[in-house]
Amino acid sequence: MRKSFSMPRLLACLLILIALAGPSRAATEDADRAVVGRFLLTDMNGRAVTDEMYGGKIRIVVFGYTYCPDICPTVLNTLSVALEHLGADRAKVVTLFVTVDPERDSPAHLKEYLASFPEIIGLTGSAEQIAAAARNFKVRYEKQPVEGNDPMAYSVDHSSSIYIMDRVGNFLARMPHASKPDRLAERVKSYLAPRKAED
Amino acid sequence: MDRRRFLLAMAALGLAAPAAQAKTAQGLFIHESPKPVPALDIRDADGQAAGLDALKGRAVLLNLWASWCMPCVAELPALDRLKPAAAAKGVAVVALSLDRGGKIAVVNTFARLSVKALDIRTDEARSAAEKLNATALPVSLLLDNQGREVARYVGAADWEGPKAAQLLDALGAGKPLTPDMAPPLAKLTAAP
């Protein structure tokens, strides 16, 4: 009983702490909006694509960029291993990598880079299209000032979650980019059962 | 009940927390105590098992790379040159490719870079990144002569400078590693 008394206070302290942290404040404001899976982008062959073109499939979506001068995240590796775990169910899923760096990630460049991950579809677009897609997914990104003298050697800070969207593009789940591939596959599988897809 | 509410609230907070990518820290990270390394299914150019067991009794620099990782590829020539020098210090250099589809990407990359000393090593089960908790590449794990991870270097290191020599001397001799032995990050030029 004594324990239950302290719990709200602990929660209140946590909430205050989180409210005080700068970036979290923006996240709290963002939390009012739902994640929406709508987009109009360009695929690796230069064709315009919308989320509706992937209708009927569960979508795994990540935002990022291919230019990694220092260290490269292994999230695409995670995605491709997760897809292997899905086995035959892979056909019910589409995996999308949306660049937040359309300036460097042209369709041709994405195609070359993603040759190592043939089951992942790279999407780019105009700066406005990328901004609109990111806004819908509540993804934030920001081009960073250049440190050296090469104006093209900029980095882009960005949200790095893995999104799982349902067959019509509605939000199902958001997982950390460092998720284990089997956990990601399990989560996707849980949504492939028709009954659970509406949860 | 309260515990459940607390957990639910924590979960909700987790969802609301920003997903902004934390800048991955680079450089040398020395562990407080050696960590066991999970078994990895490493294969050689013929698809035969070439796990770390074969190197038992020797210290190892286990570098994880992939052909799609530009800084990894840019670091490989230095590791190739380092291999014989490190061997003289009792440290085996192993460059493990995380590329899917076996050795093709490795063969092509090694040919392009004119790699001479490094052996082809592939992550057959494609589980090395997960098992070794490598969320970014390149990363080099420093294993003691009992096969335990004593430190890891995140990013491409200057493997041919005096600091690296000091670090590998200590690793090969089974002496404790200290932060002053940390090699600087390599100044990488564009991958060929």
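Heads up, residue numbers simply count up from 1 along the chain you see.
Yeah, the Cβs are placed from backbone N, Cα and C, and that goes for glycine too.
Since this is a predicted model, take the numbers as computed values, not measurements.
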Check: Between A:Cys13, A:Cys68, which residue forms the disulfide that TrEMBL gives for A:Cys72?
Finding: A:Cys68
Check: If the Cu cation site is taken as the center of the Cβ atoms of A:Cys68, A:Cys72, A:His158, which further residues of that chain fall within 8 Å of it by their Cβ?
Finding: A:Gly64, A:Tyr65, A:Thr66, A:Tyr67, A:Ile71, A:Pro73, A:Ser155
Margin query: Using a 10 Å cut-off on Cβ-Cβ distances across all protein chains shown, tell me which of the binding-site residues (A:Cys68, A:Cys72) has the largest neighbour count.
Written below: A:Cys72
